[in-house]
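As written in Swiss-Prot, here are the features:
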REPEAT    38-335  repeat 'I'
TOPO_DOM  71-88  topological domain 'Extracellular'
CARBOHYD  Asn80  N-linked glycosylation site
TOPO_DOM  140-158  topological domain 'Extracellular'
TOPO_DOM  217-307  topological domain 'Extracellular'
CARBOHYD  Asn255  N-linked glycosylation site
BINDING   Glu290, Glu613, Glu1012  Ca(2+) binding site
REGION    355-372  region 'Binding to the beta subunit'
REPEAT    417-663  repeat 'II'
TOPO_DOM  451-465  topological domain 'Extracellular'
TOPO_DOM  513-522  topological domain 'Extracellular'
TOPO_DOM  581-635  topological domain 'Extracellular'
COMPBIAS  740-749  compositional bias 'Acidic residues'
REPEAT    784-1066  repeat 'III'
TOPO_DOM  817-832  topological domain 'Extracellular'
TOPO_DOM  884-890  topological domain 'Extracellular'
TOPO_DOM  949-1038  topological domain 'Extracellular'
TOPO_DOM  1136-1150  topological domain 'Extracellular'
TOPO_DOM  1198-1218  topological domain 'Extracellular'
TOPO_DOM  1277-1343  topological domain 'Extracellular'
REGION    1336-1379  region 'Phenylalkylamine binding'
COMPBIAS  1678-1688  compositional bias 'Polar residues'
Amino acid sequence: MDAMGSAAEEGTQKKKRRPLVPPPPRPPRALFCLGLQNPFRKFCINIVEWKPFEMIILLTIFANCVALAIFLPMPEDDTNSTNSVLEKVEYIFLFIFTIESFLKIVAYGFILHTDAYLRNGWNILDFTIVSVGVFSVLLEQISKLQGLPAPGKSSGFNVKALRAFRVLRPLRLVSGVPSLQVVLNSIIKAMIPLLHIALLVLFMIIIYAIVGLELFSGKMHKTCYFKDTDITATVDNEKPAPCSSTGQGRQCSINGSECRGWWPGPNNGITHFDNFGFAMLTVYQCITMEGWTEVLYWVNDAIGNEWPWIYFVSLILLGSFFVLNLVLGVLSGEFTKEREKAKSRGAFQMLREQQAMDEDLRGYLDWITHAEVMDPDMEPRDGFSQLEEGGSETDSLYEIEGINKFIAFFRQWRLWHRLLRRKSRDLVKSRFFYWLVIIIILLNTVIIATEHHHQPDSLTKAQDIANEVLLALFTMEMIVKIYALGFQSYFMSLFNRFDSFVVCTGLLEVMLVASDIMSPLGISVLRCIRLLRIFKITRYWTSLNNLVASLLNSVRSIASLLLLLFLFMIIFALLGMQMFGGKFDFEDLEVRRSTFDTFPQALITVFQILTGEDWTAVMYNGIMAYGGPTYSGMSVCIYFIILFVCGNYILLNVFLAIAVDNLAEAENLTSAQKAKAEERKRKKLARANPDKTEEEKLLLAKKEQKAKGEGIPTTARLKIDEFESNVNEIKDPYPSADFPGDDEEEEPEIPISPRPRPLAELQLKEKAVPMPEASSFFIFSPTNKIRVLCHRIINATTFTNFILLFILLSSISLAAEDPIQPESFRNKVLSKLDIVFTVIFTTEIVLKMTAYGAFLHKGSFCRNSFNILDLSVVGVSLISMGIESSAISVVKILRVLRVLRPLRAINRAKGLKHVVQCLFVAIKTIGNIVLVTTLLQFMFSCIGVQLFKGKFYSCTDTTKITADECRGYFFVAKDGNPAHMEAVPRVWSHSDFHFDNVLSGMMSLFTISTFEGWPQLLYRAIDSHAEDMGPIYNYRIEIAVFFIVYIILIAFFMMNIFVGFVIVTFQEQGEQEYKDCELDKNQRQCVQYALKARPLRRYIPKNPHQYKIWYVVTSSYFEYLMFFLITLNTISLGMQHYGQTAEFSYMSDILNVAFTGIFTVEMFLKLAAFKAKGYFGDPWNVFDFLIVIGSVIDVILSEIDTPGIPATPGAEESSRISITFFRLFRVLRLVKLLSRGEGVRTLLWTFIKSFQALPYVALLIVMLFFIYAVIGMQVFGKIALVDGTHINRNSNFQTFPQAVLLLFRCATGEAWQEILLACSYGKLCDPMSDFQPGEEYTCGTSFAYFYFISFYMLCAFLIINLFVAVIMDNFDYLTRDWSILGPHHLDEFKRIWAEYDPEAKGRIKHLDVVTLLRRIQPPLGFGKFCPHRVACKRLVSMNMPLNSDGTVTFNATLFSLVRTALKIKTEGNFEQSNEELRMIIKKIWKRTSMKLLDQVIPPIGDDEVTVGKFYAIFLIQEHFRKFKKRQEEYYGYRPKKNANNVEIQAGLRTIEEEEGEGELQRAISGDLTPEEELERAMVEAAIEEGIYRRTGGLFGQEDSFHTGPVSPLHTITSQRPLRFSEAGSEDLDSPVFLPEPVFFPPPRRNRNTNNSTISRGLDQRLTTPDFERVQQSEEQWDTNSSISQATN
């Protein structure tokens, strides 16, 4: 019993020992007076740590949010009863929160202890909110006591501003939800790299703002007015725009109008470049890609459209596509890291719990085993009870016979039941049943899709019947499944639960409709949810299944993100209500829908700003509400900018980050599954017939041969699944032309890669493709001279270049055509040229067909898909030449198809070909995602049809609701001015985007998913009322949920997954080529850098005067001075503004001259210091030089340009442009600042590197734009330019440049759907074009839908994501662990090496290596705190080859640094891994010269002396000294110096010396002075770093300095192991004393002047007794620490 008791006790003790959550540590004293035992403090602690208390507080916060949301803001501080009640309730909340703060402060202390109340971020937030609340209440009371009016505008404004703080309370919910904290943490962690990017963006904005200020200042203040009035002259639907009275800008075309100044400017004078602040806001607005085209068009109107586009397009490319995508790169990196952490934390937690359980189990087992020992005592009682039971059984024997019959029947029934269940289970699991269900679902889908507006009654009846039949079938399916699988296992599956939910709601719906309780509409939406069943298909489609699994996975992580997003929206909506509630009512009578007047409306507005659609319009309203473009008004834009940055850039990019993260996991999942399946198959085959394994190996090869579709590498053609599993299967990704069609064109090995390496690396020596054996055209045999000649011509590089040139020329001629007048002179010339081009291309194809044959045999011309493309393009040209009359529409189509000519270049430029092939692979892989997205789109479209069909009609007069009422005329205020009324006819119109049938619904939804124009559609839907009826204002605001759910699901989530997929695919494709080379991406980049880098030349002048200048120019003070001056210059530029006084202008001119003078002086100083060659060697200096020249010209021009000189208007205009052009040079000085900051410099370096990765991607984009622009010109070129529509003077397809600009606008998503509508059929034709009478409205075509949607999808999803993929690849270093070496660290090595090797000879003394590496910070160098001994050990492991003159080379040193830091082939047999590494380098970088390779990795058998061996001997020597010293201390005597004995010296002997008699003679190698110099250099390095005292010189002990004569240095001869002469070897066991050599050469003069001065001083110091004392004490101090090492 004792044992048992003790075991139980042990168990309970263990339980006690392990509390689940440790309580937060409490300080011993709070508020200086309350100890832990104080009863009041105990009470506070108990309350604060009581669970329900936390719940109560969270509920209070929630209630507070609700109260804030109910509050109705009103204009002019009006109020109503609800609001006054809420004011009172606010006091209660404040009271609760104050008490909570007080209790916590008492419990945990206020601020002084480590875990005090204010040491926690959330508590600081709480405390601020509470104290501000209390403060505002006090202020109110004081103002009441003083008898002031109720807190209104004047006194109460500060109170209201303080009130806005309450809005932050919902943030406290975050501290309650752990999953929120992962998302928040990753965002907070990302803040540091994000700040770098923010700086870069800010810098861009400043530069562009100042450029804008210089170029466009004051240009936006003229517009067209009617003569002698203040009324602006505009066309219908057009905002007033700037104009110019002279030059290239817009002229006033309306009769009776003139161009006059004093117009405030666009957007009520908010959008312009008149001063620095407004310019920055305008530039920022352009970077967000919202409304940038409007700004561009206004500038065009003001100054002409020749060059402003350069400014805006470059801004969008750099700002939006590049820099803002960096944000994405950073966030996804951080998110991945954060999730990894959370994962490992979870794993650790699980482990701990597992251990705890094991411990418990052990306790119980002990308990039980102890108990079993006592068990025998109990046995008798058991036997006795059994006897009793036996007795009772005999009594009931008679009753059993009656029951037996029943049991037999029951058993029979159970048998049948079991059989039936088994049969039905087999049925349910069979493929037949599965496909049956799928067919029923598809039928269901078709029936739902047929529904549309104005459908015939018969169709409606048919749909109802079909619905009921299908419902019955689905109910049967459910019942059968439940019967077959049983309740429990049926409801285990998520799909089944969903199914039963849908069926039950369907039944409910039928009952409700039949009993007329509710209208059929409400629940018919649920019918659409049945469509989700389509996802059942995924059961047998593995890759799709994994995709859906990964989507559901990301839904989990995205749920917490959505919660965060929602919190964020609530806070900003409440804040918006406090600031703008009831203020958006202006005099112009226009109804604004995006307001902050009620809470739901505010939420929608905030959501709209998050998606970035028309957020600028809301911001302009906000600014106008606070008094327009004044100081107070403009401060409002801070709210919108913060909302936009945090919401759009940060939170929405986290969506993408999560998507990319989870997709990568799904890919791994798929490939892992594939690998397992293959393994299983292989084992099966092996078991079935062992002899077949050989054939099995050939299976893959055959599979690859079978793959059809020429020209695309086999990898691209393997099925999607196999492509995904490629990672785990070993296949040869680029079989040498082993499949039909390509073997006539044997390609050099260029791997598929979205980021092709520079062509230099890909040896593009084209091999001539052999002729096929068969005869061509049945005439020419392979030996036929004509055919051989054709073959030779085709394969000549000059011929290929010639054809490329003509492809280029023909493309230019296509772009030069005039789309409006087909019969113009220009077009006639071009058509003659066209004939020439067609003849040349036809000749080329005939030659090729002659050489290779047409298509009958393997390897002939038409067996290659790219050749077929060539042939079809040329064929189209030939046919269109044959049919001349342009009236036939076929010819028009054929003429359009000539546009595909540039595609022929793909077959000629290999790099481009591979980008295209990579795109194909990506498109194939994306198939699954497209499928899922289309299904969801379709489902939402069906729901949309149910909700909105026929409800988007409206009358121009909003008071009329039906089509019958909408007749006649009504009055409208012109330009929102009630004084000018005009009569307008009423028109009954239909919205352009609507949900009348499923297709138009999908179109509308597609535009919503691109975030363009969705608020208009949303408010249309909110106002929708009934079929064929007009809108009623805010009729059902809850409909917004449909749009918001759709946007979150499709636009945020699916589209981002789509983007993520493209990125992941490209990255995988990029890695594909390297998958066998054992180096990861980072290692490859670093090795490549180490192989390609060359040392920098550092010029140090010999001339003493020049040296002085050089010394000044290179000093850091000079740098800082220039930095300061550039900043001053920036400020002076930024202070200029429109309408400045003459004195101010004069001052700024003087300053400009002064700065130009200063920078010119700087240039001359640098030229003097570096001489021309040295100066122009640095790109930054070249940049400086250009800027100085430009600035000087600018100064001269502005001096010449005096206002007194009369000139013709045109001349004035052109001189203006030249002057403003030179003004740019002032601004470009700013860019010099970029060369200073370390982080920004790294960013820039990577930036330029990613540009290098883009050339082919860029080429592809150019081709895409070219083709679409030419098609656009041919198809939409004739549409008339009408101001007020979307095809107008600024955006049209009439010239090639205009068409490209318009397409660029569409690619950025600026109202592309409006342009689509403006190009669709039935538009007015241009008066100059060739339409027939009565055909004025026949321009435009329905082809516009296909054209714009395909262009948008290609651009937005594929092409721009190529940018993102490249950026994410190159910028991963921003979020990577900085302790991992990356290529961005290696620049520092080049810079510091230059100080030791100013002539850039590529060699330095090996002694300098230690000091060099200690000056470079880790991870590349050792850092200045690295002890010398550790540094030497690292050098031993680096082991660079040492030249005979004692120097090491640049590349070898850098390479070995990279190699040791990244652990590339450092394990195992050294020589073997060296060989392997040589092979890898040869494989990846084929052009590496053997000389360089031997330098960085010496080949086997190369008896080279290396730095490693050299330093190893030194370490041995040092350990030996220590060993000797310990012996002395142990035996208590100091051995006498024996004349024959000398300490061991580092170095290698020649064979002759080893075999010589007793006396060894030693020579000195190359350039090195005796060992003294080595020791001295080491001591010098230590003194330089101020570490001498701590580490005791280089190796701790400096015995050699003060024992005996100076020791000699070794020669470097062979690589034999160290052997010593036998003399004196008996003295000690392990280390051996050597005879002291007689001969010793005098030390040479040190050539390095720097060293020699120091060494002189050192020599003196080393002889002082002082030094020896320090030395001895250090030796003692050091001995203990190294005992362990010595014993090793």
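Going from the start of the chain as shown, residues are counted 1 onward.
Positions of Cβ are set from backbone N, Cα and C atoms, glycine also.
Where Swiss-Prot records a feature, it is marked here on the structure.
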residue	record	Cβ contacts under 8 Å, 6 or more apart
Asn80	N-linked glycosylation site	Leu72, Met74
Asn255	N-linked glycosylation site	none
Glu290	Ca(2+) binding site	Gly612, Glu613, Asp614, Trp615, Thr616, Glu1310
Glu1012	Ca(2+) binding site	Glu613, Gly1309, Glu1310, Ala1311, Trp1312, Gln1313
By DSSP, what is the split of the region 'Binding to the beta subunit' (355-372) into helix, strand and coil residues?
18 helix, 0 strand, 0 coil
May I ask for the residues of the chain that lie six or more residues beyond the topological domain 'Extracellular' (1136-1150) and have a Cβ under 8 Å from a Cβ within it?
213-214, 217-218, 221, 272, 274-276, 1198
Averaged pLDDT score, the topological domain 'Extracellular' (1136-1150):
92
With a radius of 8 angstroms around the mean position of the C-beta atoms of Glu290, Glu613, Glu1012, what other residues of the same chain does the Ca(2+) site pick up?
Thr611, Gly612, Asp614, Trp615, Phe1011, Gly1013, Trp1014, Gly1309, Glu1310, Ala1311
Secondary structure content, the topological domain 'Extracellular' (217-307) (per DSSP, counts of residues):
28 helix, 10 strand, 53 coil
DSSP helix, strand and coil counts for the topological domain 'Extracellular' (949-1038)?
27 helix, 16 strand, 47 coil
Give the number of CB atoms, excluding that of Glu613 (Ca(2+) binding site) itself, located within 10 Å of its CB.
25
Going by DSSP assignments with H, G and I as helix and E and B as strand, what are the residue counts for the topological domain 'Extracellular' (817-832)?
8 helix, 0 strand, 8 coil
Using DSSP and collapsing to three states, where does Glu613 (Ca(2+) binding site) fall: helix, strand or coil?
coil
